[in-house]
């Protein structure tokens with residue numbers, strides 16, 4: 001049978017593919033990148049390491065903890081207060097005795113104690129993993145939010161869920177700034193990660209849906225990723241200006257991002273694609289009227305284009321068999337259907353007014369898809385499994401390169417700023433590649449660059465004592481950062497493009513949630529390097545190669561209408577070669593192949 005679906009691009013093109021309305025809405029949704037990036041990377045500054053040593057014995061302290069420090073022994077004892085131990089060397093009647101004790105009298109920091117969570121909560125020495133645990137817990141929250149928020153936004157709309165996540169994030173950020181203890185800090189970090197996933201994923205999805213297919217790479221791709229890099233870069237000067245203050249001051253200062261979004265919330269509208277896909281035609285018409293007025297277009301002309309949209313009939317592939325054209329088994333052509341019933345349209349003229357053909361169109365507009373459809377539908381399952389693996393690899397490599405960037409001979413603020421700049425530089429290469437060659441070649445190139453950068457950085461770290469190698473290691477580390485930054489940003493745009501509207505955000509969320517696993521595993525690369533310096537580069541290089549193979553199996557989305565239904569996804573895979581193979585298979589088996597198991 002012929003299948004129907006709605007094309008939204010004609011309406012968006014009539015409004016102006018780069019009109020004021022679409023650009024303004026994209027900017028408002030992308031403002032969510034500010035709190036999103038701040039919460040993701042603020043750990044670098046709020047949990048920075050502070051030089052420390054064991055505190056010395058105070059006058060009122062208990063001398064019995066270390067007997068050698070008592071007045072009777074002190075004249076014959078040499079004391080060294082190291083970072084995590086107190087070393088004592090005693091010379092008693094010519095016998096030299098060496099002992100070491102933990103920091104029994106507390107810690108002494110070179111900076112004010114409130115400079116970092118590390119110094120305020122004494123997360124040093126044996127408690128060092130507790131500092132990293134705050135970021136790990138945030139990753140768990142991000143993973144959970146990546147599953148829940150996309151589902152909520154597919155169900156209730158992008159705008160509502162976006163603003164709810166921003167509001168919750170603002171409240172949690174304020175609570176985090178006043179956290180009285182470590183436990184409260186960890187709890188706040190978990191929920192901040194939870195909301196951070198909702199803000200980022202909904203922003204990306206809305207940005208993709210606001211533009212027609214011909215402009216998605218430029219606006220959702222280039223400007224979106226460039227803005228993301230600028231948001232990250234803006235954190236470095238802010239942290240530098242507040243470096244003399246408490247980490248709590250910096251944490252509270254980060255609240256300006258979500259506060260700005262909420263102030264401008266009145267101007268945010270629901271994307272037309274989501275409204276149409278969920279049968280909210282009246283609301284879609286109202287948004288189109290507002291867009292037309294802002295773009296200085298005639299609202300009635302825009303509505304006329306919208307009303308004239310027919311449910312697009314896509315003919316099933318016709319294959320040549322013995323010189324005759326035949327549809328696939330179980331399919332009928334549009335001409336055959338016309339003999340059975342008239343073609344339905346989205347709107348039909350009534351008596352002087354427009355009437356919606358609900359019987360013929362709403363079933364298509366409101367194709368309800370659950371999370372299980374990602375696994376039940378053969379092609380959706382293929383897309384999600386391959387996407388999940390690529391996201392995992394990208395997250396693993398990105399964090400591994402980030403952890404190895406400490407070989408840069410620069411201070412913390414400059415190193416962080418340069419890392420964000422090279423990620424912004426990848427945007428220029430990305431937009432050129434996306435518009436000229438498409439999504440898949442772009443992703444392949446970035447994965448190759450990332451793999452080479454990681455391998456070279458590992459080699460340089462092994463020979464860092466050789467003259468000039470330290471500088472080379474810094475350069476290749478930045479090169480790898482550029483590659484993985486471009487790959488991550490491209491995947492953020494590419495993933496929503498290969499899934500239907502009503503499951504698009506959940507697919508993006510699932511991929512993002514699995515990426516958090518890569519973030520959690522990446523620190524173990526350093527441990528692996530202790531056993532074999534070449535091993536991390538070899539493992540991650542192999543992962544890059546596997547990611548490239550996965551990319552080759554996915555469809556190209558360049559210059560294609562975003563899929564509204566599962567049938568649209570099927571049509572992407574129905575090229576001539578694949579349909580011929582399918583037809584021959586069906587001829588031999590005498591059975592019709594289904595996209596569902």
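Here the Cβ of each residue, glycine as well, is placed from N, Cα and C on the backbone.
Feature list (source: TrEMBL):
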| type | residues | note |
| --- | --- | --- |
| COMPBIAS | 323-342 | compositional bias 'Basic and acidic residues' |
| DOMAIN | 86-559 | domain 'Major facilitator superfamily (MFS) profile' |
| REGION | 316-351 | region 'Disordered' |
| TRANSMEM | 12-34 | transmembrane segment |
| TRANSMEM | 130-149 | transmembrane segment |
| TRANSMEM | 161-179 | transmembrane segment |
| TRANSMEM | 191-211 | transmembrane segment |
| TRANSMEM | 218-242 | transmembrane segment |
| TRANSMEM | 248-268 | transmembrane segment |
| TRANSMEM | 384-404 | transmembrane segment |
| TRANSMEM | 416-435 | transmembrane segment |
| TRANSMEM | 442-459 | transmembrane segment |
| TRANSMEM | 471-495 | transmembrane segment |
| TRANSMEM | 507-525 | transmembrane segment |
| TRANSMEM | 531-554 | transmembrane segment |
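Mean pLDDT for the domain 'Major facilitator superfamily (MFS) profile' (86-559) in this predicted model: 78. Below 8 A, the CB atoms of the transmembrane segment (416-435) and the transmembrane segment (218-242) form 3+ pairs separated by six or more positions in the chain. Contact between the transmembrane segment (12-34) and the transmembrane segment (248-268) is supported by 3 or more Cβ pairs under 8 Å, counting only residues 6 or more apart in sequence. When Cβ-Cβ distances under 8 Å to the transmembrane segment (442-459) are tallied for each of 130-149, 218-242, 248-268, 471-495, the top count falls to 471-495. Against the transmembrane segment (471-495), the recorded stretches 130-149, 218-242, 248-268 differ in Cβ pairs under 8 Å, and the greatest number is found for 218-242.
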